[in-house]
Structures are given as C-alpha cells and as structure tokens.
Amino acid sequence: MSTIADSPDLSVKETSKYSKKTVRLAVSLFYFGQGLVFASWASRIPDLKAALSLSDAALGSILLALPIGQLITMPVSGRLVAIFGSKRILTLATPVYALCLTNLALATHGWHLAVFLLLFGISGNLCNIALNTQAVTAEGHYGKPIMSSFHGSWSLGLFTGALVGLLMMNLHLTTAVHFWIIAPLAWVHIFINHRFLLIGKSVQKEKPKFLMKPQGMLVQLGIIAFCSMATEGALMDWSGVYFKEIVHAPAKWVILGYASYSAMMTIGRFVGDKFIASLGRKTMLQLCGVIISTGMFLSVAFPTVIVATIGFMLVGIGVSVIIPMTYTIAGNNDKMPSSLAIAMVSSIGYFGFLMGPPLIGYISELFNLRYSFALIGCFGILISLLVRKISAIR
C-alpha cells in the first residue's frame, strides 16, 4: 500500500503575504469562534429540553446524536482535508457549522433535535479536523510551538459563549434569537479572516486511500489522547459529584472543583507553549502525566476542600497541553497526510471522552467514587510511560 509523505497541509515551508502574527491571530479567531458556537448550544440545552418536554432519559439519548455525528465523519473529514486542504474545507465548513446551530432552535420534536444534532456533529467534526490541520501548518510557518495557545483560544471562546448564553437568558431572549445573533457574527468573522489562512504546499498529488494502515506511533499517540480526554470527560461530569459526596463541600463550593480545574486548563494552554519550547514535547508530556497523577492522588488521599481544589488545579494544568501536543506530533508525521493522522489520533482520543464518565460511574457503583478518581491518576502514569516508548517525540 502506498503512503503519502505530505498533504496540502503537511509541509511547514509555506509562504504567506501576511505576517506570522496575522496568520496566528486568524487561526486563533477560528478556534475562538468554534468554542463560542459550541458553548452557545450547550448553554441553551435546559431551554430546549423544557420547550420539547423531554425527560432526562430522552434528552440523554438525543444528546448521543452529537458525538455519533462526530465519530462517523472522522475518516471522511481527514480524507477531505487531505485532498482539498484545510483552508478550503475550513472556509466552507465553518459557516455550515454556524448554520447548523440555528437549526437546533427550529426543532419541534425530539427526533428533529436528534437529526439537527447529528448534522451539528458532522459539520463540527469537519471544522475540527480542518482547523487542527491548519494549526499544524501555521505552527510550522510560525517556527515555534503555538498549538497550545490555539486550544486556549477555543477554551476562551467556550467561556465567552457560556457568559453570552447567561446574558441572553437573563434578557429573556429566545433560543432562536440567541443562535441567530451568534451565527451572523461567525459568518462575518469567516468572511474577514479566511484570507489569512495558509495553503500548505503539497509534495505529492496522489489522493489518499479511504482506509490507510494505522501507524504504531499514531496509535500510541491516540492512547495518550484517550487517557487525557477520559480525564477531561470524567472531571467535566463528575467533579461536582465528587466535591458533594466525597469532599462534603458546602453547597456554594461544590462548583469549585470544576471551576478550578477548567481555569487552570485554560491558563495552562496560553502559557504552555513557552514550556514546550523550553523543555521539548517529550519531557513536557511526561511531566503532564506526572502532574495529572499527583493531582488526582492528592484529591483521593486527602478529600478536603482545599487539598482537593489544589489537586483539581494540578489536573487542569496536566491535561491543558496534552491534546495540542499530540495533534502537532501527529500532524508532522511523515507516513500519511497530516489531516488523516490528526483524525486517527482524535478518533481514539474521543472514545476516551465518551467512555471516561460512564467508566467512573460503573467503578463508583462497584466500590466508591474515590476508587474511580484513583483510576484517573493511573491514566497520568500511563501517559508518562507511553511517551517514553515513542521515539518520534522529541
């Protein structure tokens, strides 16, 4: 089976008539916009649930349509980006993603919402693979690590979207009005900033096959991403429960665990590039694994408000730069197009995000929640051990 040494986005020798800072800002704004759009949807889930009179079980089933849409399009997204380039796909897919946001407000039945969420997931995944591929290209063009700050822009967009959603609800604006305010803003941003995106230089014109043999290094990177995203998913869904049932935090402090974790993850992404440039990705990934383990084991061993909060902060720092680094390493491999490599790592990692929360629940049911969180600490150890075995990471 033939392999492709490059794709329209793999080469880092791109030229642009725009400055490096302009290119970086444009890519950062695309990340910010995606976070803003996703948070806009997430902030109105309770309103859509009430409007459609959905039970908890029905809503849970409908929400599965979003990750299903993302997962089924992973290989297709990678192939399309490999053929047409991330700039073209991102310019076309991002406005569709914003349009799919507005469709969610049109649902009048549960199955309508499921269909619209499936489309939202499909378009979102296409944007995700194209954007991360573009970011790898931009990082090569920039000449130093900047991928982590791109993901920090996504986190900032997520936070902004949540605040905007809160404002819209306090102003008693309908979900449809809210989404139709956000979507045109996204379209204007795309119209202004798409010209600053880079077109990678292809060294081979052969189209990639739909299925390519998985590379061992990429599978290992995928497992690292799996451990990191399982940690993210577990803390997103279970941190409040842990602080309430294990830490016995007062009601007003139950949110402290997730708030401290997410704040440090965002900060870590904005400052992480400097540490990556100084320490190298291999050392940084191993250090992140150790930090995750330390934070989790602290929270498990000493479940008090102060210690658990410090532990969750450490976990936030630990996970902050792992996914950006795995995407950069995958995107710069020399065996397959960067978009397909990123899609492969992202697919494996995303299973961790889906499986982490229920795994925590099952273990908690058999033992208790402290044992479940101890497992997250073991994920950190596994990350550090796997990184040692990947010679391609420097």
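Note: Cβ is positioned from N, Cα and C throughout, glycine not excepted.
The feature transmembrane segment is assigned by TrEMBL to 23-42 (among others). With a threshold of 8 Å between CB atoms, the same-chain residues lying at least 6 positions outside the transmembrane segment (23-42) that come near it are 16, 90, 94, 97-98, 101, 104, 120, 124, 127-128, 131, 134-135, 138, 141-142, 146, 149-151, 153-162, 164-165, 178-179, 182-183, 185-186, 189-190, 193-194, 196-198.
Feature annotation from TrEMBL assigns transmembrane segment to 62-82 (among others). The list of residues near the transmembrane segment (62-82) in space but at least 6 beyond its ends in sequence, with Cβ under 8 angstroms from a Cβ of it, reads 4, 7-9, 45, 54, 89, 110, 113-115, 117-122, 124-126, 128-130, 133, 207-208, 210-211, 337-344, 346-347, 350, 353-354.
Per TrEMBL, transmembrane segment is recorded for 89-107 (among others).
As annotated by TrEMBL, transmembrane segment applies to 113-131 (among others).
Look at TrEMBL and you will find 152-171 (among others) tagged as transmembrane segment. Counting only same-chain residues 6+ beyond the ends of the transmembrane segment (152-171), those with a CB under 8 A from a CB of the stretch are 28-29, 31-40, 42-44, 47, 177-178, 181-182, 262, 265-266, 269-270, 272.
What TrEMBL records for 177-197 (among others) is transmembrane segment.
Taken from TrEMBL, the feature domain 'Major facilitator superfamily (MFS) profile' covers 217-394. Note on the domain 'Major facilitator superfamily (MFS) profile' (217-394): its mean pLDDT in the predicted model is 90.
Same-chain residues lying 6+ beyond the ends of the transmembrane segment (218-241) with a Cβ under 8 Å from its Cβ atoms: 254-255, 257-258, 261, 285, 292, 312, 315, 318-319, 322-323, 326, 329-330, 333, 336, 341, 344-357, 359-361, 369, 372-373, 376, 379-380, 382-383, 386-387, 389-390. The annotation transmembrane segment is assigned in TrEMBL to 218-241 (among others).
TrEMBL lists 253-272 (among others) with the feature transmembrane segment.
The transmembrane segment annotation in TrEMBL covers 284-302 (among others).
Annotation comment: TrEMBL describes 308-330 (among others) as transmembrane segment.
Outside the transmembrane segment (342-363) by six or more residues, the chain places 67, 70-71, 74-75, 77-78, 128-129, 132-133, 136, 214, 218-219, 221-223, 225-234, 236-238, 323, 326-327, 330-331, 369, 371-373, 375-376 with a CB less than 8 A from a CB of the stretch. Residues annotated as transmembrane segment in TrEMBL: 342-363 (among others).
Look at TrEMBL and you will find 369-387 (among others) tagged as transmembrane segment. Outside the transmembrane segment (369-387), and at least 6 residues removed from its termini, the chain residues within Cβ reach (under 8 Å) are 220, 223-224, 227-228, 230-231, 234-235, 238, 241-242, 245-246, 282, 285-286, 288-297, 299-300, 303, 315, 318, 322, 359-361, 363, 393.
Listed stretches 89-107, 177-197, 284-302 were compared with the transmembrane segment (113-131); the greatest number of C-beta pairs under 8 angstroms is found for 89-107. The stretch in 89-107, 253-272, 284-302, 308-330 that contributes the largest number of Cβ pairs under 8 Å to the transmembrane segment (177-197) is 89-107. Contact count against the transmembrane segment (284-302) (Cβ pairs under 8 Å) is highest for 308-330, out of 89-107, 253-272, 308-330.
Long-range neighbours of the transmembrane segment (89-107) within the same chain, counting only residues 6 or more positions beyond its ends whose Cβ lies under 8 Å from a Cβ of the stretch, are 30, 33-34, 37, 40-41, 44, 48, 52, 77, 80-81, 113, 116-117, 119-120, 123-124, 126-127, 130-131, 134, 174-176, 178-180, 182-183, 186-187, 190, 194, 197.
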